[in-house]
Amino acid sequence: MRTCGTSSEGQDECCLYGLSAMQGWRISMEDAHAAVLDLQAKSTGGSEKPTDPDKRLAFFGVYDGHGGDKVALFAGENVHKIVAKQEAFAKGDIEQALKDGFLATDRAILEDPKYEEEVSGCTAAVSVISKNKIWVANAGDSRSVLGVKGRAKPLSFDHKPQNEGEKARISAAGGFVDFGRVNGNLALSRAIGDFEFKKSPELSPEQQIVTAYPDVTVHEVTDDDEFLVIACDGIWDCQSSQSVVEFVRRGIAAKQELYRICENMMDNCLASNSETGGVGCDNMTMIIIGLLNGKTKEEWYNQISERVANGDGPCAPPEYGKSEFRGPGIRNQFEETPDNYDLENDRSRGFSVRSGRIILLGDGTELIPEQNDEELFDQREENRDVTNHLQHDKAEETSTAANLSESPSSANKNSSGSGTEATEKSASS
C-alpha cells in the first residue's frame with residue numbers, strides 16, 4: 001500500500017544510495033531531501049567535471065518540514081550548495097563548514113524577500129561522506145543511524161525541548177517548555193526556519209529559543225560499517241533504530257535494491273488508515289547509503305549476504321527479505337539482539353548495544369549509548385506539567401462543587417454549563 005510516493009537511486013565508486021519519500025495520510029507533503037554524489041563537481045561548458053574519487057565528497061540530507069513546506073524545500077535545494085561555499089569547506093574543515101552552513105541557510109532565507117512572512121521550519125539531518133570518513137550534522141528530530149554488522153550505531157541525537165541542555169538554552173533565551181513543546185507549540189528545539197523563535201537581537205544564533213546550529217558527529221569508516229540510514233521521524237516514531245538496521249540488512253541479503261527496501265519499510269510503517277492518531281500517518285522520507293569501502297556494488301551485496309548467512313551480526317528473519325512481506329508493522333517491534341553479542345568488542349569501537357540505557361520511543365525501544373538518557377529524553381518535566389494541569393483542574397472542580405452545594409438552586413441552574421467546561425478541560429488535558 002503506497003500513498004503518493006517517489007523513489008530514486010544512484011551510485012559511484014565510493015557509495016551507492018536508494019531513497020524513497022511518501023506523503024502518507026497527511027494532506028500535503030512537507031518533507032524534502034537531497035542526494036549529491038559529487039559535492040565538489042565543477043560545471044564547465046554545460047557539463048560537470050567529476051572530482052577524483054579519492055577526494056570526492058557525497059552529500060545526503062533529509063528535511064522534515066512543519067507549518068508548511070517552503071523552508072524544507074529551500075533547504076533541500078540549497079543546504080548542500082551553501083555548505084560547499086563556506087570558507088571552512090575550502091580549507092577541508094567539513095565539520096565547521098556544516099555548522100556554518102546551517103546558520104548561513106537561516107540567513108539566506110531571512111534575506112530572501114520571498115520568505116519575508118514565512119512561518120514554517122524544518123529539521124535537517126545531513127551527511128557528508130568521503131572514501132573513509134562520515135560527517136553527520138543534525139538539527140531537530142530526524143535521525144542518522146549507522147549499520148555496523150547489523151548493529152545500530154546512532155550518529156545523531158534528537159533535539160527535544162525536554163532535554164536538559166535544550167531546556168536550559170530555551171529558558172535562558174526567554175522561552176519555556178510546556179507539554180514537551182517550545183512555548184507550548186514546537187515539538188523540537190532546533191530547526192532551520194521557525195523565525196518566530198529567533199527574534200532576540202541581543203543573542204547569537206546559537207543562543208536563540210530555537211536554533212539551527214547543529215550537532216556534528218565525525219566517524220572513521222571501517223570494514224564493519226555497512227550502510228547509513230537517514231530518515232525523518234515518520235520512520236523513527238514507528239520503528240527503533242535497531243529494527244530498521246536489521247530490516248535493511250535483510251533486504252540487502254535478499255539482493256533488493258536500496259530504494260525498494262525504503263519503500264518496503266514505509267509500507268510497513270504506514271498505518272492502515274488515518275484513524276490511528278498520528279503514528280504511521282506522517283510524511284516519511286528515508287535514505288539508505290551503502291558504504292562500498294573499495295568494493296563494487298555486487299561485492300558489497302555479496303559480503304553482507306555472506307555475513308548474514310554465517311550469522312555474523314543480527315538481522316531480521318528471512319521472511320522479511322521477501323518482496324511481498326512488509327515486516328512487523330508499527331505494533332510489533334523486533335526483539336533485542338542475541339545474548340552472544342561481544343560487548344567488549346563493541347565497546348572498543350566506541351558504542352555498545354548492551355551498555356546503553358533503554359529509552360522508549362513510540363512503540364519501540366531506542367538504545368542511546370554513551371549518553372545520559374535523562375538529558376536526552378527526560379520526560380519528567382513534561383509529566384510534571386501534565387500532573388500540575390490535572391491537579392489544578394481538579395482543585396477548581398472541587399471548589400466549584402463546594403460552592404454549588406451551598407446553593408441548590410444555583411447548582412440546578414448551572415449544571416449544564418459546568419458539564420461542558422469539564423469536558424473541554426478533559427479534552428485539552
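Keep in mind that glycine also has a Cβ here, set from the backbone N, Cα and C atoms.
Now, the feature entries from Swiss-Prot:
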type     : residues              : note
BINDING  : ASP64, GLY65          : Mn(2+) 1 binding site
BINDING  : ASP64, ASP233, ASP282 : Mn(2+) 2 binding site
COMPBIAS : 384-397               : compositional bias 'Basic and acidic residues'
COMPBIAS : 405-419               : compositional bias 'Low complexity'
DOMAIN   : 16-291                : domain 'PPM-type phosphatase'
REGION   : 320-348               : region 'Disordered'
REGION   : 384-429               : region 'Disordered'
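Around the Cβ of GLY65 (Mn(2+) 1 binding site), the number of neighbouring Cβ atoms within 10 Å comes to 27. The Cβ of ASP64 (Mn(2+) 1 binding site) lies under 8 Å from the Cβ of GLU30, ASP31, ALA72, CYS122, THR123, GLY140, ASP141, SER142, CYS232, ASP233, GLY234, ASN283, THR285, each on the same chain and at least six residues away in sequence. Its Cβ placed at the centre, ASP233 (Mn(2+) 2 binding site) has 23 other Cβ atoms within 10 Å. Long-range neighbours of ASP282 (Mn(2+) 2 binding site) (same chain, six or more residues apart, CB within less than 8 Å of its CB): GLY24, ARG26, CYS232, ASP233, GLY234, ASP237. Per-residue pLDDT, averaged across the domain 'PPM-type phosphatase' (16-291), gives 93. DSSP assigns ASP282 (Mn(2+) 2 binding site) to coil in the three-state reduction, placing it in neither a helix nor a strand. Take the mean position of the Cβ atoms of ASP64, ASP233, ASP282, the recorded Mn(2+) 2 site; other residues of that chain with a Cβ within 8 Å of it are ASP31, THR123, ASP141, SER142, CYS232, GLY234, ILE235, TRP236, ASP237, ASN283, MET284.
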